[in-house]
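Trainee: Below you'll find the structure I mean.
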Amino acid sequence: MRLVFTGNCVFKRLLHTEIGGKYAKQQPRNLKGRSKSSQEWLTRQLADPYVEKARMMNYRCRSAFKLLEIDDKYGILRPGDTVLECGAAPGSWTQVAVERTNANGKQERAPQGAVFSIDLLHFHAVPGATIFGGMDFTSSLAQKRLREALQDRKVNCVLSDMAPNATGVRMLDQESITNLCYEVLRFALAMSAPQAHLVVKVWDNGDVPKLERDMLRFYEKVKRVKPRASRGDSAEHFLVARNFKGATDS
């Protein structure tokens, strides 16, 4: 099965227009002939405050606010940190990571970090980040490329917003996203600095408690988090693991 990793955000045409220096929402037009799901998507986008905030703050996707909330609460990103991000397209988490770690060097008096972002999809460059587009993180070649790019640096935070293409078969989809989490965990164990952090996306299912227990073997704390920016009807949660203890099982 071929997995497509993405930050769960699709590129859609903006539904806003500039009037008198301020932005006003447009109502969806020409809905006749569109599918019901397309009409529902347009209506939901117009009613979603995070879509508007993302546009106003120049984030590529509303999902930026999920990471912002996690970082505001748990302090996982700091200036000078080295960050690895998996499932990075279209780049909104990358934008946040660059800002919070000062990877773009805009904070003159703060240490400059580094951000490495990978996704199976190609996506536009983010200033301050090293992008690996069109690469399958689970492949040995991709992980070799990441190690080469990191050189001798250890990672202070690993982020994963990866999700497989949903098949509609619940058990298969749950197994697929759990397998992705373990793939990220294994890489994090090999590449993380002491006291590093890890964030992975999960879909609520019976495999999550075991994953939490396995993460607790290597991190001091693990919390299950659903940011306010996650849609209410979404099954997604994030496991936030803090303070890496080392790869040796304790």
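Placed from the backbone N, Cα and C atoms, the Cβ positions cover glycine too.
This is the feature table in Swiss-Prot:
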| type | residues | note |
| --- | --- | --- |
| TRANSIT | 1-35 | transit peptide |
| BINDING | P90, G91, S92, W93, D119, D136, F137, D161 | S-adenosyl-L-methionine binding site |
| ACT_SITE | K201 | active site, proton acceptor |
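I'm curious about the neighbourhood of these features; can you describe it?
Mentor: All protein chains included, S92 (S-adenosyl-L-methionine binding site) registers 25 other Cβ atoms within 10 Å of its own Cβ.
The secondary structure of K201 (active site, proton acceptor), as reduced to three states from DSSP, is extended strand.
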Trainee: Fewest other CB within 10 angstroms, which one of the binding-site residues D119, D136?
Mentor: D136
Trainee: Other Cβ atoms within 10 Å is the metric here; tell me which of the binding-site residues P90, G91 scores highest.
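Mentor: By the 10 Å Cβ neighbour count, G91 comes out on top.
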Trainee: Quick one: what's DSSP say for G91 (S-adenosyl-L-methionine binding site), helix, strand or coil?
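Mentor: Coil, per DSSP.
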Trainee: What does DSSP call D136 (S-adenosyl-L-methionine binding site) in the simple three-state scheme?
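Mentor: D136 (S-adenosyl-L-methionine binding site) sits in coil per DSSP, no helix or strand.
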